Amino acid sequence: MDAFTRAWYALERHYQDTCHILLRDRFAAEPDRFERMHERLDGMLFDYSKNRFGEDTLQLLCRLAETADLEGKMRALRTGAKVNGSEGRAALHTALRLPDGADAVYADGRDVLPEIRRELNRALKFAHSLDDGLYQGITGKRIADFVHIGIGGSDLGPAMCVQALEPFRRQISVHFVSNADPACLDEVLCRLNPETTMFCVASKSFKTPETLLNAEAVKAWYRGAGFSESETAHHFCAVSADTEAAQSFGIAAERVFAMYDWVGGRYSVWSPVGLPVMVAVGGARFRELLAGAHAMDSHFFHTPPRRNIPVLMALIAVWYNNFQHADGQTAVPYSHNLRLLPAWLNQLDMESLGKSRASDGSPAACKTGGIVFGGEGVNCQHAYFQLLHQGTRLIPCDFIVPMTAQGAEDGRSRFTVANAFAQAEALMKGKTLDEARAELADLPEAERERLAPHKEFPGNRPSNSILLDRLTPCNLGMLMAAYEHKTFVQGAIWNVNPFDQWGVEYGKQLAKTIIGELEGGTSVHDASTEGLMAFYRECRLKGGGAA
């Protein structure tokens, strides 16, 4: 039996030996539990004391990480080794946020930092030219709106950042279009003036069908407004790894910005894919975002596992996913401006870790990626928190809470923070049947006994609390990088590749065939798919409006 398997079995035995210990009892027996089980990094505090484990558990989890060669895999990530084995690529998103003066970073034998610096500076300069009015629309009017057309990693990260940093927004309004459903683009275009709008087409391959369909629809919008092809091109820029394809689409080379084969889409907001963030908040704020992410990178690469925030986040996730058989995990930002964070995390975690094959192609040896969902607190308390508190499923929760409001401070911010703290405490402590009876002491005994079971809360429901002193570009960068590295560590322990996404491709492949077949002709599919296609054609014949 190898060392990793022994470490795994030790954790399984440990769970059986300790699963009866309640969190409320741990806190009662360990007055210093919070002091021992929280970490701070600049403006961030990570509290993991409300989890179903003790110091002995953490030691066993760290041993598991050691036997999985986490240290070696982290070194490979940092130094440009081809950690994305199925595609034969490095994953150098951390290089995108290195400060000036950093040591060389190599991919395929060449230092990538000069290229990173060049493209970042080009994108920042272009964003500044829009903001300053130096680059104007073809009719000489200032650009007032910037529309980013992308999907998946080219959309979720930038959209989340722009929303999160709304208080830092400058004068240009930034919009996002991702879905190929015509309503997605139409609801944006109806508010815009073609003379004062810049469109950015973001696609790593410049073959993404949803993105190109929307870009072509924008061209048609300009034609309908009387613009020539060259006049329309003046209102386009692009971000792609295939810069020649972007230029073939009609976008001038000086407005095509490079992204890189060695950065996956869901890790690309730090590259020129972050152009809408640069436009929204300015170059200085974007550099603060990069600096925050780099601060977390430095912490991750140079801090021992027991004090390492992303490593701890990952080990906790592995503990629940593999040894306590949790049914999922939820992330709840108690900040209106962070309301898109759960969608970004959903892609980051589930697209990265939703793998049934190990890195070498063999079947995965354990349960891998979990179901990640979430929503905006306090709203979630009036939705799915009932299941968290009294349901039969184990779903650990991350509470992400800025301490300072970004709006008017009139008591609502304090209310929001108080609710986050209260929910975490309620999940941990629960309410015993006797405590429920005591609350109902004024009722007749029969009524008290009838109601008390419904007011009992099992408790012992785990959570992490991630507190930010303020929601700033720097703190947002730290938060995002922490979750990126958490995802990497989980992949390292489960021995899956978190940087590919072959499962996304198969449906796209079938869709290419079905698109043509929807208009009629020969098709050979299963009976269900044929029936769905027949209903589509029926609706078209009746004038149902499908397109």
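Each Cβ is built from the backbone N, Cα and C atoms, and glycine gets one as well.
Positions annotated as active site, proton donor by Swiss-Prot, on the basis of sequence analysis: E351. When Cβ atoms from all protein chains are considered, those within 10 Å of E351 (active site, proton donor) total 22, not counting its own.
Take the CB of H382 (active site) and look out to 10 A: across all protein chains shown you find 8 other CB atoms. The annotation active site is assigned in Swiss-Prot to H382 (among others).
Under the three-state DSSP scheme, K508 (active site) falls in the helix class. Taking the Cβ of K508 (active site) as centre and 10 Å as the limit, one finds 12 other Cβ atoms among all the protein chains shown. Residues or ranges marked as active site by Swiss-Prot on the basis of sequence analysis: K508 (among others).
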Coarse DSSP state, helix versus strand versus coil, of H382 (active site): helix
Distance, E351 (active site, proton donor) to H382 (active site) (CA atoms, angstrom): 28
